[in-house]
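Enquirer: The structure's right below; bear with me while I get my questions together.
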């Protein structure tokens, strides 16, 4: 094979200045020899025969889903082929009808990018300098990007142009097409598999949210229709009960005594989310998340077959070392596959790893959402680099987004002490108490703001910011005729998708996934709001990618990568968090304990619960530090939320036996709920195979037919060679 440097000479370079003469554009074209050489290096699969395996039996519901379908030419822009890795020595085996169109544009820009990232261009202090990234970083070039094939709002004048960008805009990237399926094959063909699989995952996630949204809405309606039957809120709102209960101040000295019925409205709203249906929904979501992840594996397996990624070997990617890694490595070691390869000594790796780990722990500990620039164990391959970067940045974002919800759900109001003996942080700041209606309604409010407010605003920002930047960047060129405002200049004025562009798209959705799973016991409407957001998100992402960004370099991927492991981890964590929310943040367990052990009214078992759940404190026992400055009505006692003995008891203000009964019930509930949900989750995961049976059969059939075609080809070549040798001998 030719070296990357010698092959660069085979690339065609055309230079041209911009209309204002300030920018020089260098257009690069890969010759046929370059393409076939690197198609073999990158193990690119190409067609050898049209696929003749019968398609899956049609779904009888297809006629009902017809309004949601796109035209067949849009959904499947190319025929399905049997494929094989390209080899220069077997060109007659492949279906090469036209050399100019044999490799798709995404394949071509992937090959050129592979060459440019590894091309040496000089030396510095005895070290090679290479790669377009370094030239971009030092300002030699300002940008490097593949071109869009046409304007998004009109077709190209060239009759040979496929106008895929225009088709994507008309059929996919407009909000009025929100009810239509996504043209995943066309997305993959134009942008590459990595972006294609993101939109496939986002679409599947949105579809699965529909079931969760329906069940969550039913649970919410149950709380709404039973609101008037809630005995707790009735007693709180009753002037003869809640109006006569005087509550202890919520802060030291400056806060006043208050009556319980002032929380009447919030206690009624709290019932919307703190009821038996919420418990059912928390268990349901624990099972739903397993179904989502397992069915996604099946959908991903089908895509791998349809997109020729079944034999996309991790080993092949592992052999493609990052240029940045090679540049930093001064040592070499023997690799059984690649022979000699660069490597970092274990001492250098250990130092970088320790510094990196210390830095990560430091920033996480102070809850800063920050990009970091630090030494680390240098990743060898693109896959390792992306996985480590994704995991580190996700940990930062996890702390940033979820810390307040975790605080409200599991810490706020849990360690406050009691009147006269409050708990203080550093003996100075009194620990914060929950809202008078409870911490659950506070957690619900936070989730409502995040799901209903921040998500919508985030989509607006995603759409408006790049549009404004592009509008401003093109302001001088808008009045120029099209022949003076070339295709490459127009693309240059667009926004850059960037190496982390897809990371932030995944991050946004995975953070949302966390909100609808980790804290769903407090807000059953979260999946519905997520569904509404995602319907908009798909069209916003597609619109900005198609109209506002330069065309990204195509990249292959056979899965969503490390995000799958992150989702699995969050699914397991969600079972634990929801069990704790139901047990410790809501009032469900104390109500059940009262119902079965302390209720004295058979006709209305929950009567008296509010009085039972509030302990008594004698105001004269207040120390000066806590005692309110004013007591105009001369109250003698006040009440507070806890289970402690009254002031006239021999165990004054110590936890009562009911407290320990409730605590035991909470712990028992957590253990039982976790075990039940985990058993069901693992059973469901075991029952659902990762790869559908028909896909397995097709994979085996295609491998057999492909091997047969290759065998017949080799056999015919052998016959021809033997005949030629026989002819030479006879002559």
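Glycine too: its Cβ is placed from the backbone N, Cα and C atoms.
Predicted, not measured: the structure shown is a model, and the values here were computed from it.
Per TrEMBL, the features are:
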- 17-184: domain 'Anoctamin dimerisation' (DOMAIN)
- 187-367: domain 'Anoctamin transmembrane' (DOMAIN)
- 198-225: transmembrane segment (TRANSMEM)
- 276-296: transmembrane segment (TRANSMEM)
- 350-369: transmembrane segment (TRANSMEM)
- 379-702: domain 'Anoctamin transmembrane' (DOMAIN)
- 389-410: transmembrane segment (TRANSMEM)
- 510-532: transmembrane segment (TRANSMEM)
- 566-585: transmembrane segment (TRANSMEM)
- 667-688: transmembrane segment (TRANSMEM)
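On this model, are these features tucked inside or out on the surface, and what's nearby?
Expert: Long-range contacts of the transmembrane segment (276-296) within the same chain, counting only residues at least 6 positions beyond its ends with a Cβ under 8 Å from a Cβ of the stretch, are 201, 204-205, 208, 211-212, 215-216, 218-219, 222-223, 516-517, 520-522, 524, 527, 564, 567-568, 571, 574-575, 578-579, 581-582, 586, 588, 673, 676-677, 680-681, 684-685, 688, 690.
If one looks beyond the transmembrane segment (566-585) by at least 6 residues along the same chain, the residues whose Cβ comes under 8 Å of a Cβ in the stretch are 278-279, 282, 285-286, 289-290, 293, 390-391, 394, 409-410, 414, 438-440, 443, 510, 513-514, 517-522, 666-667, 669-670, 673-674, 677-678, 681.
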Enquirer: Would you report the average pLDDT that the model assigns to the domain 'Anoctamin dimerisation' (17-184)?
Expert: 86
